[in-house]
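Q: For Cys575, Cys584, the entry in Swiss-Prot reads [4Fe-4S] cluster binding site, with the evidence type sequence analysis. Residues or ranges marked as chlorophyll a' binding site in Swiss-Prot (evidence: sequence analysis): His677. Sequence annotations record features per position, and here Swiss-Prot assigns chlorophyll a binding site to Met685, Tyr693 based on sequence analysis. Positions annotated as phylloquinone binding site by Swiss-Prot: Trp694. If you look up Swiss-Prot, you'll see 73-96, 159-182, 198-222, 294-312, 349-372, 388-414, 436-458, 533-551, 591-612, 666-688, 726-746 marked as transmembrane segment.
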Amino acid sequence: MNQILKEKEQKTAKILVDRNPVPTSFEKWGVPGHFSRSLAKGPKTTTWIWNLHADVHDFDSHTSSLEDISRKIFSAHFGQLSLIFIWLSGMYFHGARFSNYTIWLSNPSLIKPSAQIVWPIVGQEILNADLGGGSQGIQITSGFFHLWRASGITNELELYVTALGGLFMAGLMAFGGWFHYHKAAPKLEWFQNVESMLNHHLAGLLGLGSLSWAGHQIHVSLPINKLLDAGVDPKTIPLPHEFILNRELMSQLYPSFEKGLWPFFSLNWGAYSDFLTFRGGLNPITGSLWMSDIAHHHLAISVLFIVAGHMYRTNWGIGHSIKEILDAHRGPLTGSGHRGLYEALTTSWHANLAINLALFGSLSIIVAHHMYAMPPYPYISIDYPTQLSLFTHHTWIGGFCIVGASAHGAIFMIRDYVPSQHYNNVLDRLIRHRDALISHLNWVCIFLGTHSFGLYIHNDTMRALGRSQDMFSDTAIQLQPIFAQWIQSLHTLAPANTAPNALATTSYVFGGEVVAVANKIAMMPMKLGTADFMVHHIHAFTIHVTLLILLKGVLFARNSRLIPDKANLGFRFPCDGPGRGGTCQVSSWDHVFLGLFWMYNCISVVIFHFSWKMQSDVWGTVSQNSLVSHVVGGNFSQSAITINGWLRDFLWAQASQVIQSYGSSISAYGLMFLAAHFIWAFSLMFLFSGRGYWQELIESIVWAHSKLKIAPTIQPRALSITQGRAVGAAHYLLGGIATTWAFFLSRAISIG
């Protein structure tokens, strides 16, 4: 009898949510700092507003309940998605209401995209450039037009409808965030059910997501793009639903549609090769990947992810258990291996976030390289300003995510790391030999720095002395990147053996022919030489220094020889109290702060290298006689081998457009260039300054106000050391990024 009762208990469905756990109270939310007892009392000094901003999203400081923290993060994700949908809706609405999309669609190789027209109020209509086809406006470089063309959007109505769909989804997400915190909040065990989460994300989001996108590409994008490529007027092309509902319409373009699903069920999948292809290379009409290749790709990865989504053990006792995998994962030199990591990852969101940010950041940088090497959207490869913008955008995103990974890794070490859980496992062993790790990494940084800059300084000296025959260059002492060249040739030759039916190489960056659209170069083989070898080692240097700072911040987050009780001081602290000299700037937060500057150095060199290399060796025109002429005539190989060359032939020569922009349609970038320099310089006031100086100044100003009986009730206080550094770093990065933005776009739009 007891056995039957037990079985019945097991069969009853688990209740995975709590009903109405937190009341919806606008009265409570109306109190600034309601999440903290001390902040809710209101401000006594100006420090209050800084603490309010520092702690408002630090859910760990609001409560110690892991369940409540998990719910807040989950709810915040819905809020984030809501904002993303509003933003996307705005992009589509601007495309529908204010853009020249349909004009651009008629001639994408000559007409420039715009989604904003400036109204003439104080003469700023000068910003409306002539974009071709009788349209005027501010040129945009987001790539949305190319994405819409690839999606099969042919008119403004479709953009309006999509914008409305985005608003509806934004509302749904906002409601979801409220509902899953206030009405039906998941229990902690739901958040910790990693196998179900993996199955859901792999099979649902990635698998079915890819499948639905493949379906859209096959039924909508392919036929519409085929007709557009053939020069059919967009106004006469049938609407998407007609292609979906009318099989005859599709079979005129792709004959295999007449056969329906029979080839699928009879395993004669080759019948579908008219719309699921494996061509390789680029479409010569659009300069982008073949749409049929892209559809095939999404169909293939959807199958892989749907299979992957059935790998983990949930209800039926079959499949993998993550805990079992981690606990069993032990090598001969790794002690107790990965034991303890499952417990860490199911109780620390910071640990999860650290891993995911590192992977996502790296992926973003990989995406940046794919966007130019394998351009996915029609005509995007000949829109040079857009290509430069997208590369820069994705590398910046990657850099910030990787620094964020270090920040949350350190927070995990301080707040969530339980030493007894990690005895002799891989993480414990990593921490125990951190001195060897950091000192060796430091040696690598010194080696890379001295040798890579040494090569440049040698070249500058030789050129200054007129001894060009003694320089490291392609025409004197060669330092050819032989491994990179070998990989290029390997990738050029491989498809003939590994994919015999492919028509071309994966990417023309490796080798092959020049692909030009409307006489503009979309992609061509990228020749690598001594200049690339040298700047590559600068990349290696800056990446390793960034890694040194960030890794040291994580590995020494809990303690060090200097401060054995660092974990008790928390994530951010200015110094280890008075009377302990030399203990400032040692908190994990300070490592993130320093890491941000090196990340900025690192990404700047990357985007400068990309911009100059593409203008010198890839971007340009092809004449009727098949003569290739590049934007800056191939000066990279001889100029990028000296520091003076970088300053004179890249920064100074290419800044001429932004400096001389006044009185033209790009004059806003000239103003932005100056304003961003100002913001950058303003940051130095915070970074080079002592707190005591400002406190002293404030007190004399307060004295003057008191004399005049106008002293404020909230006492002014100088920024703390940490706050000052945060403000300084923020303005330094904002100023630097906006300066680069103005410099790049004014240059790219002028040559584009």
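The backbone N, Cα and C atoms fix where each Cβ goes, glycine too.
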Q: Quick one: of the binding-site residues Cys575, Cys584, His677, Trp694, which has its CA closest to the CA of Met685 (chlorophyll a binding site)?
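A: Looking at Cα distances from Met685 (chlorophyll a binding site), the smallest one goes to Trp694.
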Q: Looking at Cβ-Cβ distances, which residues of the chain lie under 8 angstroms from Cys575 ([4Fe-4S] cluster binding site) while being 6 or more apart from it?
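A: Those within reach of Cys575 ([4Fe-4S] cluster binding site), by Cβ under 8 Å and sequence separation of 6 or more, are Thr583, Cys584, Gln585, Val586, Ile721.
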Q: Should the transmembrane segment (388-414) and the transmembrane segment (436-458) be scored as in contact, given a threshold of at least 3 Cβ pairs under 8 Å and pairs 6 or more apart?
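A: Contact absent: fewer than 3 Cβ pairs fall under 8 Å.
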Q: Can at least 3 Cβ pairs under 8 A be found between the transmembrane segment (591-612) and the transmembrane segment (198-222), with each pair 6 or more apart in sequence?
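A: Contact between the transmembrane segment (198-222) and the transmembrane segment (591-612): absent, because fewer than 3 Cβ pairs are under 8 Å.
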Q: I'm trying to understand the geometry here, so how far is the Cα atom of Tyr693 (chlorophyll a binding site) from the Cα atom of His677 (chlorophyll a' binding site), in Å to the nearest whole number?
A: 25
Q: Kindly say whether the transmembrane segment (159-182) and the transmembrane segment (73-96) touch, using the definition of 3 or more Cβ pairs under 8 Å where each pair is 6 or more positions apart.
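A: Yes, the transmembrane segment (159-182) and the transmembrane segment (73-96) are in contact.
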Q: Mind giving me a neighbour count for His677 (chlorophyll a' binding site)? Other Cβ atoms within 10 Å of its Cβ, every protein chain shown.
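A: Other Cβ atoms found within 10 Å: 15.
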Q: State which of the following binding-site residues has the fewest other Cβ atoms within 10 Å around its Cβ: Tyr693, Trp694.
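A: If we count Cβ atoms within 10 Å for the binding-site residues Tyr693, Trp694, the smallest count is at Tyr693.
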Q: Ranking 73-96, 294-312, 349-372 by the number of C-beta pairs under 8 Å to the transmembrane segment (198-222), which range is first?
A: 294-312
Q: Would you mind pulling the DSSP three-state label for Cys584 ([4Fe-4S] cluster binding site)?
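A: Going by the DSSP assignment, Cys584 ([4Fe-4S] cluster binding site) belongs to neither helix nor strand, so it counts as coil.
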Q: Just the number: how many Å between the Cα atoms of the residue listed as 'phylloquinone binding site' and His677 (chlorophyll a' binding site)?
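A: The residue listed as 'phylloquinone binding site' and His677 (chlorophyll a' binding site) have their Cα atoms 24 Å apart.
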Q: Inside 10 Å of the Cβ of Met685 (chlorophyll a binding site), count up the other Cβ atoms and send me the figure.
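A: Its Cβ has 13 other Cβ atoms within 10 Å.
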